[in-house]
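A short write-up of the structure that comes next.
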Amino acid sequence: MLRSCGKILQNVSFRVSSIRTMTHYPIDDAMFGLSEEQSALRQTVFNFAQKELAPFAYEIDKNNEFKDLRSFWKKMGSLGLLGITAATEYGGTGGSYLDHAIINEEISRASGAISLSYGAHSNLCVNQINRNGSHEQKEKYLPKLCSGEHMGALAMSEAGSGSDVVSMKLKAEKKGDYYVLNGTKFWITNGPDADVLVVYAKTDTNVSPQHGITAFLIEKNFEGFSTGPKLDKLGIRGSGTCELIFQDCKVPATNVLGDLNKGVYVLMSGLDYERMVLAGGPVGLMQAACDVAFEYAHSRKQFNQRIGEFQLLQGKMADMYTTLNACRSYLYNVAKACDLGKANPKDCAGVILYCAEKATQVGLDAIQILGDGSKKCPICKISANFKNVMKLPDTMKVFFKPVSLAKPAQIMDFQRKHQKRLVKLASEYKVKTAKIKAKIEKEDLEIKKMLTAYEKLVSRRKQMQEKLYKIYLANQKRKPEMMYRDSRENTMSTSVSHISNHSSLSHSRTFINPNSSMTKGKSGSSFFNEDAPMLQSQSKRVNKQCNFFQNSSLPSQSSRKPFFA
C-alpha cells in the first residue's frame, strides 16, 4: 500500500492551487481510520480530478460524450490509477482494494459518468485479468491497460439475460485453434471505446448452464467483432454504452481466460471485490452533492438571512452529512476486510445497495436546497438517477440469490447436491397435478349428470302441477251449477233429519273444496276428473324426489326462475 501511494504521489505533475475555485468540504480521514499515505492519495486524486475532469462534467452530461476521454485516460495511467490492484511486474500499482475505493470515490466526486467508465476498466477488466489470466495474457494485455494506451470493458449481460447470466445465448464453437463466437451482448459500459474486453460465452450446451460458460479475452480488431450505436441513457451520461455484435468472430484458443467451461468461477472470483469498489461511486456523488448544496445554502440569502440558517434546511443538511459518513464508514470497513482476505459476500452486496439508495436520497435533498440552480449541477441530476444505474451490475443477486450469500464452491456443491432432488420433485408434482385434474373432471361430470336428472324431475313436476291446476279450474267452473242443485234438493226435502242436513252441508262443502280427499260418490264423481287421484299421487312422488335433490350438496339453484306454486 505504501509503495502504491508513493508511486502515485511521485507522478503528480500539477499544483494544488491550479484546481478550480469552489468550496469543497474537507474529509476527516483520521475518523475513518485511513493512514497518512491513504489520505495523501485522496488529496492527489482529488486535485487531479477537480482540475482535469470536474470543469467538463456539465458538458459531459449534456452531450453524452467526453471528447478528451483518451487524453484523460493516459493522464490517469501516468498517475498509476488504471491498474491500482494489478501486479507491479505487469505495469500495475500493486495497491489495495481500499485504495481502489478511495480513487473511485474521488473520480465520482468530479463526474459520475467517468467514474463508471473507470470502474469498468480498472475493476471489471484489469482486475479480472490480473486474478485469472495466465502469465502470457498478463504480459500481453495489462501493461497497455495500466498505462492508459488501451481501454478495457467486461461483457456479460445480453438483451434477454441481464440478471439471469447463465441463460446467455452467445455461443463459442471450437474450430481448430480458434473459437468462433456468434451472438450479441448488450448494455456494455466502455463498449464503444474498449480495446480489450472480457467476454463470457457458452462453450458447452449439453451440460447445466453454469458448467458450460467460458471467459474470453477479445480485442476490438478481431475478425467478426463490431459494436452497435452508442446508447442515449437517462443517467450517468458520458460513459459509453452500446451493444456488442459477434458474427463468426474468431478468437484464438490461447485467449481463454481461466479454464474451459469454468467462466462462472472467473466471474464469481472477483464479484465481491467488484461490488465493493463500485460502491465508491455513489459515495463520491453524495460528497459532491453536499459540496454544492452546502456552499449554496451558506451564500444564498432570503428574508435578510442565509437560507442555511433556516431550521428546516439545517435539518436536511444534517441528514445529508450523517448519511454520507455512514455510507463511507461502511464502505471503508468492507474494503479493509477484503484486503485482509475476509470478504463477506453479504456485506459486499449490501454496501453497494445501501450506498446507491442513499445517494438517491441525498441527491434529491440537494436538488431541494439548490432549487433552480440544480439544473447547472449535473452531480445532483446524476445522483437522483444513480440508484437505478448502480444496480445494473448488481441485480444478479436478486435472481441468483446464492451469489450474494455463498462462495462459488459452495454454490456449485449446492446445485450438484440438490439437482436430482429438484428433478424428482418436479416429476412428482406433475403426476400429482394430473391426478387431481382427472379427479376434478370426473366430479364435474357426475355433477352435470345429477343436474340433468334434477332438471328433468323439475320439468315433470311442473307438468303435473299444470294438469292439476287445469282440473281445478274445470271444477271451479262447474261449482255454481252444483250449488244450485243442492239448494233445490234442500228445499224439497223438508222432513230430512238434523243428521241428514249435517251430511248435506258436509256434502256441499265437499264440492266447494276441490282439494278434498272425497273423490268418490255420486256428487264427487260429477266434478273431479277420473285422472285426479293418479295425478296427485304422481305429483307427491315427484315432489319427494325434487326435495331429495334440493337437500343434497348440489350447486345453488338461486339463479333459476321460480317454479310454479
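Heads up, the Cβ atoms here are built off N, Cα and C, so glycines get one too.
Features of the protein shown, as given by TrEMBL:
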DOMAIN    35-149  domain 'Acyl-CoA dehydrogenase/oxidase N-terminal'
DOMAIN    153-249  domain 'Acyl-CoA oxidase/dehydrogenase middle'
BINDING   154-163, 187-189, ARG300, GLN311  FAD binding site
BINDING   SER163, TYR265, ASP272, TYR273, GLU274, ARG275  substrate binding site
DOMAIN    261-372  domain 'Acyl-CoA dehydrogenase/oxidase C-terminal'
ACT_SITE  GLU274  active site, proton acceptor
REGION    505-539  region 'Disordered'
COMPBIAS  509-528  compositional bias 'Polar residues'
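Shown on the structure are the features that TrEMBL records.
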residue	record	contacts (Cβ under 8 Å, 6+ apart)
LEU154	FAD binding site	ALA120, LEU124, CYS125, GLN128, ILE188, THR189, LEU197, VAL198, VAL199
MET156	FAD binding site	VAL165, MET168, LYS185, TYR200, LEU267
GLU158	FAD binding site	MET168, LYS169, LEU170, GLY183, THR184, LYS185, PHE186
GLY160	FAD binding site	SER167, LYS169
ASP272	substrate binding site	CYS338, ALA343, ASN344, PRO345, CYS348, ALA349
GLN311	FAD binding site	none
Three-class DSSP secondary structure - GLN311 (FAD binding site): helix
GLU274 (substrate binding site) versus TRP187 (FAD binding site) - Cα distance in angstrom: 17
Counts of helix, strand and coil residues, the domain 'Acyl-CoA dehydrogenase/oxidase N-terminal' (35-149), according to DSSP: 89 helix, 0 strand, 26 coil
GLY162 (FAD binding site) and TYR265 (substrate binding site), distance between Cα atoms, whole Å: 18
Predicted model, mean pLDDT over the domain 'Acyl-CoA dehydrogenase/oxidase N-terminal' (35-149): 95
For the domain 'Acyl-CoA dehydrogenase/oxidase C-terminal' (261-372), the number of residues DSSP places in helix, strand and coil: 95 helix, 4 strand, 13 coil
Distance [Cα-Cα, Å, rounded] between GLY162 (FAD binding site) and GLU274 (substrate binding site): 17
Most crowded position, judged by CB atoms within 10 A, among TRP187, TYR265, TYR273 as binding-site residues: TYR273
Residue among binding-site residues GLY162, THR189, GLU274, ARG275 with least C-beta crowding, 10 angstrom cut-off: GLY162
